[in-house]
Amino acid sequence: MNIQLHYLIQLSDLDTQLEELKSERIRSKEESIGFRVQAKENEIIKLRENIRNKIDPELLNKYDKIQKRYKMRAVAQVNEGVCYGCFTALPTSYVAESDKNNKIITCPNCGRILFWIE
Ligand SMILES: [Zn+2]
């Protein structure tokens with residue numbers, strides 16, 4: 001797999017976890033839980049910065065734009081030819097077999113960055 005794509009998938013996972021923790025923290029009324037969640041968030045923010053530093057700035061910019069637009073899943077999996085970001089089938093022959101996971105490919109419908117399960 002393209003290493004940049006690999007980092008983008010990790011970044012997307014971390015951003016999803018961060019969103020979940022944020023809403024958990026907002027929901028929780030108990031201070032002790034709030035502190036615990038905050039500590040976890042801080043750990044993830046550190047990991048996130050680490051990964052962001054490894055990603056090509058142009059690509060990162062693209063990712064941030066998609067993430068801002070959809071709030072989640074800026075990087076989507078393709079399953080049976082369907083983008084799992086917008087659940088639209090990709091046109092057949094949209095992507096050459098050899099380009100899958102080797103090039104940065106975006107969904108023609110929603111614009112999310114795509115990856116294939118190997
Ligand atoms: Zn899509």
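The backbone N, Cα and C atoms fix where each Cβ goes, glycine too.
Residues of the same chain lying 6 or more positions beyond the ends of the domain 'C4-type zinc ribbon' (82-114) and with a Cβ under 8 Å from any Cβ of it are 1-2, 4-5, 8, 59, 62-63, 66, 69-70, 73-76. Residues annotated as domain 'C4-type zinc ribbon' in TrEMBL: 82-114.
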Secondary structure content, the domain 'C4-type zinc ribbon' (82-114) (per DSSP, counts of residues): 3 helix, 8 strand, 22 coil
Segment confidence, the domain 'C4-type zinc ribbon' (82-114), expressed as mean pLDDT: 96
